[in-house]
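Record features, source TrEMBL:
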type     : residues                       : note
BINDING  : 55, 58, 62, 341, 438, 441, 442 : Na(+) binding site
DISULFID : 160-169                        : disulfide bond
REGION   : 618-652                        : region 'Disordered'
TRANSMEM : 76-100                         : transmembrane segment
TRANSMEM : 121-148                        : transmembrane segment
TRANSMEM : 257-279                        : transmembrane segment
TRANSMEM : 291-319                        : transmembrane segment
TRANSMEM : 331-355                        : transmembrane segment
TRANSMEM : 367-388                        : transmembrane segment
TRANSMEM : 426-447                        : transmembrane segment
TRANSMEM : 467-488                        : transmembrane segment
TRANSMEM : 500-519                        : transmembrane segment
TRANSMEM : 540-563                        : transmembrane segment
TRANSMEM : 583-604                        : transmembrane segment
């Protein structure tokens, strides 16, 4: 790759450069760099890399978030918006991050040798990944809890407990039955104005749910209760699994719930064991964890398609409301799902790319992974809504009455649907094990991103990789304990809303500007061509998306989210306490502040006039170069001037 008469990444050994201190006469620096790279590790095969990327991109969000967002935002209209944003933002950014990691062989922090002023972006990615890893494993602990609960003779979310009737508990077989209020005497105890699911017949006799099936009660002066019934699966999740408190008051936090704490501990033990050798060990695990979910999804898809009423669910999922494409909220929802799904700007993609061989065809890999992400989301959508269609038909309600989002989909609506299938315990075990494996792949990437950043900044720590992994697992377990208290659901919501929402958009916008506007898109394109041997085609599509679409659209999305921000709510009309909102915004600032802080620090410590300082801190440093075993000696001044970016504004 040449500029003028100079080869930017000359493979030939240059003359001894004592002043630069980069290459010694005996080539000792080369040996040091190669030793460090060997200690750093590489993927055992191309498939380990691809499956790890698929596991990162295809996570819990594809199963519990994408289907509901599609239904809520116009069905196929949402899918179209999602595909357009994938084409303009998601795929280009995914490819960009893979190139950054593979070209340099560095993780999210050290890769910014390309633009030292932007190192704060890598720090932000590292911090976001750590915090998300902490609460993400809590959700995985939920899936383990349900996994073990599914092995009982009777699924525990199918029967109301006695103390739940006063809360409006109703089992799925009577979900369409209104409530009766009545007075009764049972075992010489007087129950006044009680309410339980019942059927009132002409003779004023009604039959209780299965728990009281041995009794017949006479309804006198029966009146229909107007309160909305509460599904037993929802009460099981809120009252038995997470034991959710009514408020987020500090004195209501309570101690960790021992059953969830044990599930959390088991989840962290599994994660640490799989990551104990870094990508060398996790790369072997993904052969199972990245493929098993597809097997289960396909089995559930076939089973769901055979249910009576499945077509009703499919119609709700795919029938487009074209007017929704004119609604900005639909595009915002699609963009949010795109970031959530592909995991761009979390650092994991850069980290995975950095363990690749230099000549790996990262272009084809990026295209394959982006397609797999979309296909998986669509398959999950059909799985969810064929099942919900059958469930709605069975209990005599509309599909929208059983469709929920987030926790509600994974731990309320779908468990209800599974309980209606023959051999429901088997389907429940498979489903929740699938959810756990989906989360496991993402958790690998989140924790490994943090560890890679530390090891890249301090190479001497690589010899203690296993100890660092165990140590971080222990620390993260204890940091996650507040998330498994009775108020833990609120804590997880705050961490997710403030930690992985505004912050990621801000980081993504800064990342695009730092790479494509400062380092320079033409310079970046030449790096790609040097690494692959050919430029990505079509060239101007990539340049247009990198330089114009991605930074501008992401910035607009960030501004829109800030302007349209509404406080988190515990329930209708009840907002989170002010102290909780404050903690959330502090968390957001904690993630975003490294970017301006590092830039200001670099600028202040640089020498010369302001413009010269700006050029100095945005110019690639001496250690930036290709990770192909060639000499990474400092570029001569003419070579620097031949490169594009802010260090040579005339070429911008």
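Residue numbering: from 1, along the chain as shown.
Quick reminder: no glycine exception, Cβ is built from N, Cα and C everywhere.
Feature annotations (TrEMBL) mapped to structure.
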residue	record	contacts (Cβ under 8 Å, 6+ apart)
55	Na(+) binding site	286, 289, 290, 438, 440, 441, 442, 444, 445
58	Na(+) binding site	290, 293, 341, 372, 373, 376, 438, 441
62	Na(+) binding site	341, 373, 376, 377, 380, 438
Secondary structure at residue 58 (Na(+) binding site), reduced by DSSP to three states: coil
Dominant neighbour of the transmembrane segment (257-279) in 291-319, 367-388, 426-447, 540-563, 583-604, by Cβ pairs under 8 Å: 426-447
Other residues, Cβ within 8 Å of 55, 58, 62, 341, 438, 441, 442 Cβ centroid (Na(+) site): 54, 56, 57, 59, 60, 61, 293, 376, 439
Long-range Cβ neighbours of the transmembrane segment (121-148) (under 8 Å; 6 or more residues past either end): 60, 107-112, 241-242, 259-260, 263-264, 266-268, 271, 345-348, 350, 407, 410-411, 415, 428-429, 432-433, 435-436, 439-440, 442-443, 445-447, 449-450, 453, 476, 479-480, 483-484, 488, 491-492, 495-496, 499-500, 503-504, 507, 510-511, 514, 587, 590-592, 594-595, 598
Annotated stretches the transmembrane segment (583-604) and the transmembrane segment (500-519) touching (3 or more Cβ pairs under 8 Å): yes
Secondary-structure category, per DSSP, in which residue 169 (disulfide bond) falls: strand
Residues from the same chain, set at least six apart from the ends of the transmembrane segment (500-519), whose C-beta lies under 8 A from its own: 93, 96, 100, 112, 114-115, 117-118, 121, 124-125, 128, 131-132, 336, 339-340, 344-346, 546-547, 550-551, 554-555, 557-558, 561-562, 588, 591-592, 595, 618, 620, 645-646, 652
Number of other Cβ atoms within 10 Å of the Cβ of residue 169 (disulfide bond) across all protein chains: 25
Residue 438 (Na(+) binding site): tally of other CB atoms within 10 A of its CB: 28
